[in-house]
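Novice: Let me begin by handing over the structure; questions about it come next.
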Amino acid sequence: MTPRPADRWIIPVALLALGTFAIGTDSFVLAGILPELATGLRISEGAAGQVVTAFAITYAVAAPFLSALTHRVPRKTLITVGLTVFVLMNAAGALAPNFAVLLVTRVLCALGAAAFTPTANAVSTVLAGPARRGRALSITLGGIALGTVFGVPVGTTIGQHLGWQASLGFVAAVGLIALVALLAVLPRLQGEATVPMRHRFAVMGDPRVILVVLVTAVATGAGILVYTYIAPITQAIAGISGTALATGLLIWGIGGAIGAFGCGWFIDRIGAGLTSALAIALLAAALTVIAFAESPALVIAAMFFGGIGSWAFVAPDNHMLTGLHPQMASVVISFNSTGTYVGQAVGAAAGGVLLTSGLGATTTVLISVAGLGVAVILALFAWRATCRPA
């Protein structure tokens, strides 16, 4: 792939971010309307929740393999095909007559997302050039952040008022806009450099790659441990509920958007490894404040900084990976995406176990902080490891 001139990268990267916004929204939008989904399909809420799980597992498993197997496909072709599958399967899901059909569409939708997202991240770095690689990654990953913190509430509200099918229709519409615009604007880029298939899979065994992915997985798991159960935790610690909780989540989301988009400036100036370590440390500090704060106002203020930290380490981690293996950028980024999803699954499960074990909300948060401390140490090691040749 050949870098583009400096003045031509913003619009295509922004449109790639619109695509990742749709995917970020799609990942969790159905989680907010499980009761409506269960009622509409005449199934239990537990069964309805499987559509969210199926999407996450399919993406986590498929992303690295799709990236490795499609490395010779022109990047524009792969991006448009992946996004087309994503849009069509969301539309098909909205028309699904039963749970089985919906589940199949969610799996196929995740395959489209797994083909699109790592490739979009890798292409953004090529379009922007080496000097702006951090900012480009922060924009495309920022699309996922905006989808999660703003797109999901919008899609959920639509589903609550118009039915769960409308939520998928909303996602499909956003994805379609991105698809049409990318077809018109995205330049033709060749596939990644020809590398033997065994080497493309072997890169996942590079100790430096594993170290960076561990940073992402551990930090994500420790952070999601608290975020998944933020309602009962803040209720127990500071009596926060109702409007105050909604305000806190909005504040967290605003912080997340700032962290996701703003981290690129730091990456390009102080380095990806140090940016990652500082972001995780900020999240740990914010959660420490939450653990001991009795004032709702202090908790909500800490949630703002928690949002910044929680969304500001993935882009620098991807930056480190693409620096290690620029010829296989989409493969290593997809491997990191798997780390994110594994971290989310383990963190959410661990949070549930801790809260029901009788340890209490404060102890649960402090265990999360300890995990983030481990992630900071790993990030500092990754910083050193990625700054020197293999």
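In case you wondered, yes, glycine gets a Cβ from its N, Cα and C as well.
The feature domain 'Major facilitator superfamily (MFS) profile' is assigned by TrEMBL to 12-387. Here TrEMBL flags 47-66, 78-97, 103-124, 136-156, 168-189, 209-230, 236-258, 270-292, 298-316, 328-355, 361-383 as transmembrane segment.
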Novice: What parts of the chain pack near the transmembrane segment (209-230), using Cβ distances under 8 Å and only residues at least 6 beyond its ends?
Specialist: 203, 245, 248-249, 252, 276, 280, 283, 287, 290, 303, 306, 309-310, 313-314, 317, 320-321, 324-325, 332, 335-336, 338-340, 342-344, 346-348, 350-352, 354-355, 364-365, 367-372, 374-375, 378-379, 381-382, 385-386
Novice: Does the structure show the transmembrane segment (298-316) and the transmembrane segment (236-258) touching, where I'm treating 3 or more Cβ pairs under 8 angstroms (sequence separation 6 or more) as a contact?
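Specialist: Taking Cβ pairs at least 6 residues apart, the transmembrane segment (236-258) and the transmembrane segment (298-316) are in contact, with 3 or more under 8 Å.
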Novice: Test of understanding: applying the rule of at least three C-beta pairs under 8 Å (pairs 6 or more apart in sequence), is the transmembrane segment (47-66) touching the transmembrane segment (78-97)?
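Specialist: No, the transmembrane segment (78-97) does not contact the transmembrane segment (47-66).
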Novice: Quickly jot the same-chain residues contacting the transmembrane segment (236-258) by Cβ under 8 Å, restricted to those at least six beyond its ends, or write none.
Specialist: 142, 145-146, 148-150, 227, 230, 290-291, 293-296, 298-301, 303-308, 310-311, 360-362, 365
Novice: When you check the transmembrane segment (328-355) against the transmembrane segment (136-156), do you get at least 3 Cβ pairs under 8 Å, counting only pairs 6 or more apart in sequence?
Specialist: no
Novice: For the transmembrane segment (270-292), what are the same-chain contacts with Cβ under 8 Å, counting residues 6+ beyond its ends?
Specialist: 134, 215, 219, 223, 226, 233-234, 237, 259, 263, 298-299, 302-306, 308-310, 312-313, 316-317, 319-320, 323, 362, 365-366, 368-369, 372-373, 375-376, 379-380, 382-384, 386-387
Novice: Counting only CB pairs under 8 A, let me know which of 47-66, 136-156, 361-383 has the most with the transmembrane segment (103-124).
Specialist: 47-66
Novice: With Cβ-Cβ distances below 8 Å as the criterion, list the same-chain residues six or more beyond the ends of the transmembrane segment (361-383) that contact it, or say none.
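Specialist: Cβ under 8 Å, 6 or more out: 208, 211-212, 214-215, 218-219, 221-223, 225-226, 229, 232-233, 236-237, 271-274, 276-277, 280-281, 283-284, 287-288, 290-292, 313, 317, 320, 351, 354-355.
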Novice: For the domain 'Major facilitator superfamily (MFS) profile' (12-387), what's the mean pLDDT in this predicted model?
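Specialist: When the pLDDT values over the domain 'Major facilitator superfamily (MFS) profile' (12-387) are averaged, the result is 90.
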